[in-house]
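Quick look at what TrEMBL lists:
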type	residues	note
SIGNAL	1-24	signal peptide
DISULFID	Cys35-Cys116	disulfide bond
BINDING	Asp67, Gly72, Asp74, Ser76, Glu88	Ca(2+) 1 binding site
DISULFID	Cys68-Cys73	disulfide bond
BINDING	His194	heme b binding site
BINDING	Thr195, Asp240, Thr243, Asp248	Ca(2+) 2 binding site
DISULFID	Cys201-Cys226	disulfide bond
Amino acid sequence: MAMPKERFFLILISFSSLIYPSQSRLSYNYYSKSCPNFNKIIQETVTSKQITSPSTAAGTLRLFFHDCLPNGCDASILISSTPFNSAERDADINLSLPGDAFDLVTRAKTALELSCPNTVSCADILTIATRDLVTMVGGPYYNVLLGRKDYRISKSSYVEGNLPRPTMPMSKIISLFAVKGFSVQEMVALSGAHTIGFSHCKEFKSYLYNDTHYNQRFVQALRNACADYPKNPTLSVFNDIMTPNNFDNKYFDNLGKGLGLLESDHGLYNNPMTNPFVEIYAKDEKKFFQDFARAMEKLSVYGIKTGRRGEIRRSIDDGLAKISAPAHLQLLSPLNVDGFKPRHGARKPSLVNNKGTAIGISAVLFLSICVF
């Protein structure tokens with residue numbers, strides 16, 4: 001006997017709910033009744049923080065990645081260690097996560113608790129704040145499902161091997177994303193997040209003397225800029241030296257000119273599996289934005305916790321001061337470099353110290369390079 005179409009359709013819906021039980025509980029208007037001022041509070045907090053500290057966008061985007069990739073977008077990165085447990089934020093790769101991002105989530109959570117207590121999760125705050133900041137600095141808008149819960153468990157042992165390192169071979173990075181269900185194209189698109197932000201000299205200094213993939217003038221400038229790194233480990237360089245504060249496709253264009261900063265950047269350009277997508281994104285910003293938006297929508301629901309698998313924290317964590325940007329961080333930027341002017345006018349970022357107080361950059365070193 002043939003099954004009625006209506007019954008078959010209902011079975012399909014039920015089956016899909018079993019496959020994706022967590023995602024099925026999310027919605028775009030999750031807080032429309034329980035916290036009607038949710039969007040307004042997030043937008044006001046994000047705007048205020050980004051204007052005060054322009055490095056917030058890059059820092060929050062990085063925090064979001066480091067939260068989601070190891071075991072899902074569940075705000076477990078925000079939990080502090082205790083004498084009995086080493087949390088994710090104390091894994092060595094997370095020790096340099098910027099304080100501005102933590103401060104942003106704290107401000108938003110505080111405001112939301114005053115407006116609608118015990119309602120909005122830290123995981124949702126971090127996810128939607130990341131989207132709003134990406135858009136604010138010129139990147140694409142993408143939809144964000146809401147209704148995540150905060151995870152109760154955070155262990156530093158979960159991190160190792162679940163986050164890409166700049167020294168990893170590209171084949172290993174591809175495998176890392178593949179295990180989590182992301183294609184090569186999605187991985188390359190997500191790597192475009194390096195169009196904003198900076199990296200410490202320690203992440204690439206060892207390659208400055210034996211890597212032939214660098215533009216020669218660029219590598220010499222990097223050697224000079226990082227010469228004092230042993231004395232000042234906070235020295236850093238913008239990932240995209242051309243438009244460091246703008247979310248655009250210039251990062252991919254730089255790779256073909258030898259202006260990639262990290263070894264993984266060079267790997268993207270030189271690996272035959274990733275190079276075709278790098279070339280496409282370097283020529284077509286619209287295509288990059290479309291693919292980045294889709295990949296971020298997919299990442300934002302990876303490993304989420306809903307229902308009894310999570311909770312709504314009353315505060316992001318008591319140990320916020322543990323992770324913050326160094327008070328004397330120095331950024332190497334293209335500002336005022338002879339020979340070219342950065343598009344749209346790059347701005348000096350500001351940071352927060354270990355008390356969450358806004359501070360200025362103590363010094364900015366400049367790269368004297370020519371752009372080809």
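The backbone N, Cα and C atoms fix where each Cβ goes, and this holds for glycine too.
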Sparsest Cβ surroundings (other CB atoms within 10 Å) among the binding-site residues Asp74, Asp240, Asp248: Asp248
Same-chain residues at least 6 apart in sequence whose Cβ lies under 8 Å from Ser76 (Ca(2+) 1 binding site): Asp67, Pro70, Ala87, Glu88, Asp150, Tyr151, Ile153, Ser154, Tyr158
Cβ-centroid neighbourhood (8 Å) of the Ca(2+) 1 site, Asp67, Gly72, Asp74, Ser76, Glu88 excluded: Cys68, Pro70, Asn71, Cys73, Ala75, Ile77, Ala123, Tyr151, Ser154, Gly303
Shortest C-alpha distance to Asp74 (Ca(2+) 1 binding site) - which of the recorded positions His194, Cys226, Asp240: His194
Most Cβ neighbours inside 10 Å, all chains, among the binding-site residues Thr195, Thr243: Thr195
Other same-chain residues whose Cβ falls within 8 Å of the Cβ centroid of Thr195, Asp240, Thr243, Asp248, the recorded Ca(2+) 2 site, in sequence order: Ile196, Met242, Pro244, Asn246, Phe247, Asn249, Lys250, Tyr251
Cβ neighbour count within 10 Å of Cys201 (disulfide bond): 23
Whole-number Å value for how far Cys201 (disulfide bond) lies from Thr195 (Ca(2+) 2 binding site) (Cα to Cα): 17
Cα separation, Cys116 (disulfide bond) to Cys226 (disulfide bond) (Å, whole number): 48
